[in-house]
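The following features are taken from TrEMBL:
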BINDING   ASN91, HIS96, GLU101  oxalate binding site
BINDING   HIS94, HIS96, GLU101, HIS115  Mn(2+) binding site
DOMAIN    51-168  domain 'Cupin type-1'
SIGNAL    1-20  signal peptide
Amino acid sequence: MATMKLVLILMMTTIVAVWARDPELTTDFAVPVGMNASLINGDFFTFTGLRNFSAAPNTFGSKKVTHVEFPALTGLGVGVTLLEYKPNTLNPPHTHARGSELIFVMAGHLDGLVHFQINMSKEKSVLAISAFGSSNAGTISMPRNIFGSGIEDEVLLQAFKITSAELMKLKAPFTPTM
């Protein structure tokens, strides 16, 4: 009986593990739903949306490329984002719920830990490419999801060991104005 339970548990674990990833393609590419495969030509596999990208002055900016922006990525399980960190700008702490990230710094120098990046230079911008092990990795901003989420103040005060005045300052940028 114990062996049968163990086999059942292992089978269920395997099924969950298979469902928890991007599906693998068995062909060179997938035709997006609603698209006529006979109309696909070389233009379908060309994406020019990263040309001439530039973040607004004094900001961190990004231009994502997923299967939504570039349908040729449908089913490939990859995505990419072009990142520009203007001088002294930050990509706030965040997570990617549906994929891993690998950042290639093309120019400049970034400081960062898991998981944020900051350009500490007061003069030079940083250009980087972020590649994902998912075609839809998603980004969950921690500051917005913590201080703009409606979590009870008492929970945040205890968790971060801060004063009410400090909490109000942290919540201010994420509080809707009426």
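Positions of Cβ are set from backbone N, Cα and C atoms, glycine also.
Comparing HIS115 (Mn(2+) binding site) with GLU101 (oxalate binding site), their Cα atoms are 10 Å apart once rounded. Neighbouring residues of the recorded Mn(2+) site, listed in sequence order and excluding HIS94, HIS96, GLU101, HIS115, comprise THR95, ALA137, THR139 (Cβ within 8 Å of the Cβ centroid). The Cβ of ASN91 (oxalate binding site) has PHE60, SER62, LEU83, TYR85, GLY112, PHE116, GLN117, ILE118 as same-chain neighbours under 8 Å, each 6 or more residues away in sequence. Surrounding the centroid of the Cβ atoms of ASN91, HIS96, GLU101, where the record places oxalate, the chain contributes additional residues within 8 Å, namely THR81, HIS94, THR95, ILE103, HIS115, SER130, PHE132, ALA137, THR139. Sequence-distant neighbours of HIS96 (oxalate binding site) (same chain, six or more apart, CB under 8 Å from its CB) are HIS115, PHE132, SER134, ALA137, GLY138, THR139, ILE140, listed in sequence order. Rounded to a whole value, the Cα-Cα separation of GLU101 (oxalate binding site) and HIS94 (Mn(2+) binding site) is 11 Å.
Summary for the binding-site residues HIS94, HIS115: the Cβ-based neighbour count within 10 Å is maximal at HIS94. Counted within 10 Å of its Cβ, the other Cβ atoms near GLU101 (oxalate binding site) come to 18, all protein chains included.
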